[in-house]
Amino acid sequence: MLNIPTQAFPAPGSQQRVAPSGQSGRNKVALKPGHSLMDWIRFAKSGKDLTGLRGRLIEVTSEELQKHNTREDCWTCIRGMVYNVTPYMDYHPGGEEELMKAAGIDGTELFDQVHRWVNYESMLKECLVGRMATKVPAALKAMIPPPPPTSLLPPVSVAPPPPDKDSRPRYDWFQTDVTVHLVVYAKRKLPSSGCTQVDLEAGVLRLEVLLGKMSYMIHLRLADEVEGNVSVHTSFSVGKIQVTIRKQTKGKWESLGQPLEFHNTFLRKKDRAPFYRECVLVSKTEVNHNTYVFRLQLPRGTVRHVPVGQHVYLKANIQDTEVVRAYTPVGQNLSVSSNNSSQDSDLYLMIKVYPDGVLTPHLNSLHIGDHLCVSGPEGTFSLRPLRDVTHLYLLAAGTGFTPMARLIQAALQDFESIRQTKLLFFNRREEDILWRCQLDELAANSERFQVEYVLSDPSESWTEKRGRVDESMLKDVLDRPDGSKCYACVCGPTAFTELTIGLLKQQGFSEEELHAFQG
């Protein structure tokens, strides 16, 4: 699977990737000395011919692409562009085997399974061989009459069938002399954590509603000038979202505006490119010796609801290279009463700073008032499987705690059927435990929440659990009473997640009762 270097997601040791439990994620390998992420950036900028074509760009046929399918000569195609990834083999954190899966073929689908958000054009620009030659299938040719000699018709594309019209959201609008109101009818209940992304900038309105794996979008250039602020009101139980904007000048509009790209479309979320806005760093709060909560303020005209368990991407330019990482919002704190409402506009990101990292030292160097590009929500996690759950088990290692933070709040506040939520939190040392005081306070005040800490390298004074995750530890912690319905979520480094998922299956958990936030 093609994995772009400095944007490898997530950073080493991060636990921000969301994936179904059945997926094992990327298998990281030990890289040779001198083959780190930053080494790749320097090598790509060294001026060496990484394509073997001495700077020429060529048109590549499918037959030609298939010839380059070996370790010593590996080409792959991503979205119509062909790259010679042979020079990158030794720099790939996932190892040669993963990269070779896309050798000599169109690797777009493999790439998108993990990295569709990556700016691969920037990362692999020195490896660009050229463009794939377009080839219309014979069956399609027979359906298309030949164009006249002087015609400049656009290329033919075959669109996928639209979703069932009965389930497709719709929108309407109404106005007063001073306001415009856009109403979306989702035709389903909406999560209380929110699912709406609104961006109003320079008279262009972009509204995206996340509905499970689908995305409904409104994209318009408004008919007249408006003020920069927007307000969003959501009726969660009836599935209605109302966006209100104030007009700059009183009067009636003849229409809402001019449709732009992807207006009124209902697509799979993974088929949309991430959308970024510049946010302002308003505070940075120390959590422990190497981890901070960064509070980011969205720009005027932007409302962004990040569903529980989903993440956002941060993007920055490091040494003239675009670097992207994913982080899961945690909320301002763990207090259930102050759980972020759908109207809370700030993002709280708990980020561990790695001294030898690519992005986190840059983030740590930012000053209050500096800007940072932040995407809309991404990820596959859904709260839907928790509707009938009685016992929720959360197993986290290190910063794998981040997706669990808001999940704990949601379980206690929104799911009365969940009688017990238990967090088993693995760390190396006592000082590494994130938000320990808040977790202890929550456990003391709620009979429905328990937390147990496990340290792999504790001090002599440590009296709680020691060691690493194993079968006996899980047998001791996990309880499956008769008549209960259990669900388990796991997040941590890849090796931890894969081992824990396997152990949970040995304890009788089925695929439907497991979710892995994959690292």
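One-based numbering along the chain as shown.
Here the Cβ of each residue, glycine as well, is placed from N, Cα and C on the backbone.
Segment annotation: TrEMBL labels region 'Disordered' over residues 1-27 (candidates 1-27, 244-270, 460-486). The domain 'Cytochrome b5 heme-binding' (57-133) scores a mean pLDDT of 85 in the predicted structure. For the domain 'FAD-binding FR-type' (274-384), the number of residues in each DSSP class (helix H, G, I; strand E, B; coil) is 10 helix, 50 strand, 51 coil.
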